[in-house]
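S.K.: Before I ask anything, here is the structure I am working with.
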Amino acid sequence: MKNPLKVLLLLIFYLYFVLKWGPKYMEKRKPFNLERILIVFNVAQIAVCSYMFISAITPYPMHLVKMSYIYFLTKILDLLDTVFFILRKKDNQVTFLHVYHHGGMLLLTWIGVKYLPGGHGVTVGILNSFVHVAMYTYYLLSSFDSKYKNNIWWKKHITQLQLVSQWDPRVYPWPMMKNPFPTIAVLLLYLQLVLKWGPRFMEKRKPFNLRYIMIAYNSAQIVLCTNLLLDSLRLCYFAGYSLLCEPVDYSNSERAIAIAKGFYTYYLLKNLDLLDTVFFVLRKKQNQVTFLHVYHHTGMQLLAWHSVKYLPGGHGAFMGSINCLVHIIMYFYYLLTAINPRYKGSVWWKKYLTQLQIIQFFCIFAHWMVLIAGDCGFPRFPILILVPQNLFMFCLFADFYYREYIRKKPQERAAKSQVTVQPVQHLDPIKEI
């Protein structure tokens with residue numbers, strides 16, 4: 001660790017061996033049988049990566065520094081992957097991606113240990129160790145018996161896991177996308193404001209008149225959501241996107257970058273949506289700040305950030321598109337009521353907004369479930385989060401609709417009948433007198 005010369009010499013030797021000396025040495029030789037060596041190597045990798053993954057969850061800084069150094073040593077050990085390919089005459093596996101990844105990771109980890117051991121960079125090592133446990137488990141099984149190589153159903157998911165464990169480098173320079181801390185900070189501030197500070201501030205104050213602000217805000221939401229919806233149709237679904245299964249295009253093509261920027265704009269829009277709750281608090285409509293409302297806004301912002309960071313495009317575009325459509329209609333209703341409050345009770349399609357939101361969550365749920373049968377390269381792990389999430393939201397909105405529009409009607413009729421009966425009851429004794 002004194003200087004990088006030893007690491008650079010090791011990399012030069014590695015590159016020469018796997019690209020020149022190794023293939024030349026094996027040219028007229030039969031492939032080596034490394035079955036037992038591979039079993040030992042894969043078991044060792046699983047053990048070391050498991051140890052690092054578990055041990056990295058510690059509050060002690062010096063322990064994290066040691067873990068960072070062990071992680072660097074494993075990157076040296078990883079170079080044997082390529083050596084084993086050469087000795088088994090599997091030169092087709094020695095791709096640019098493979099060599100670049102191993103060489104680059106060794107240099108990056110040396111720099112990390114030398115200058116930034118521990119801290120935020122530990123997350124990369126934790127994720128990479130977890131992926132390597134899964135990957136070397138697959139290699140171990142296939143080294144026991146070659147028939148496992150094609151029979152293990154989760155083989156392709158290891159590649160998907162590797163893709164997801166690394167964030168999309170295209171979005172890294174964009175504001176708030178380097179790490180989740182700015183987003184978490186915004187959400188913590190939001191929750192404190194709408195649940196504690198805001199109600200306390202408004203306790204002895206009159207509601208603010210935000211009519212003109214609301215008109216401007218709702219108009220802006222309509223314009224932004226319409227623009228996003230049209231862009232998603234133009235770039236995705238009118239351009240051949242499949243509704244059944246669509247992979248993420250991680251290339252630097254103009255269209256792929258435009259789609260990623262669309263996802264990022266959608267994420268920024270979810271930040272803007274938080275003002276809905278702020279306006280409720282400032283107008284002293286705290287009864288509108290329900291668990292459903294706060295949970296929905298908080299969850300959507302976190303999901304949007306994760307989508308931009310790891311999966312900006314592909315199958316997830318549908319969720320943003322249908323959400324924009326619902327928001328256009330919803331904010332149009334809000335705009336009408338802001339222009340003239342009397343529309344609030346007279347707009348006949350008010351209750352259908354809730355129905356539309358319920359339909360939205362059902363469609364999103366169905367769209368993610370379709371991914372189970374699809375096989376396009378889009379990771380299936382989001383199903384574990386988004387299917388329960390949308391089922392939960394569906395149930396919450398359905399419960400709200402039942403309480404607000406179905407159960408309320410009989411109660412209102414009963415209340416009206418009581419109002420008409422009460423005067424008669426009061427008049428009867430007067431007549432008797």
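Placement of Cβ uses the backbone N, Cα and C atoms for every residue, glycine included.
Pulled these features from TrEMBL for this protein:
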TRANSMEM  36-57  transmembrane segment
TRANSMEM  69-87  transmembrane segment
TRANSMEM  99-116  transmembrane segment
TRANSMEM  123-141  transmembrane segment
TRANSMEM  210-230  transmembrane segment
TRANSMEM  317-336  transmembrane segment
TRANSMEM  356-374  transmembrane segment
TRANSMEM  380-402  transmembrane segment
S.K.: Looking at the stretches 36-57, 123-141, 210-230, 356-374, which one shares the most CB pairs under 8 Å with the transmembrane segment (317-336)?
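M.R.: Selected stretch: 210-230, with the most Cβ pairs under 8 Å.
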S.K.: Mark yes when the transmembrane segment (210-230) and the transmembrane segment (36-57) have three or more Cβ pairs under 8 Å (sequence separation 6 or more) and no when they do not.
M.R.: no
S.K.: Apart from its near flanks, which chain residues at least 6 from the ends of the transmembrane segment (99-116) lie with a Cβ under 8 angstroms of it?
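M.R.: Beyond its ends, the transmembrane segment (99-116) has Cβ neighbours at 1, 4, 7, 10-11, 14-15, 18-19, 65, 68-69, 71-72, 75-76, 78-79, 81-82.
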S.K.: Against which stretches of its own chain does the transmembrane segment (356-374) lie, if we need a Cβ under 8 Å and a gap of at least six residues from its ends?
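M.R.: For the transmembrane segment (356-374), the nonlocal Cβ contacts are 243-245, 315, 318-319, 322-323, 326, 329-330, 380, 382-383, 386-387, 390-391, 393-394, 397-398, 401.
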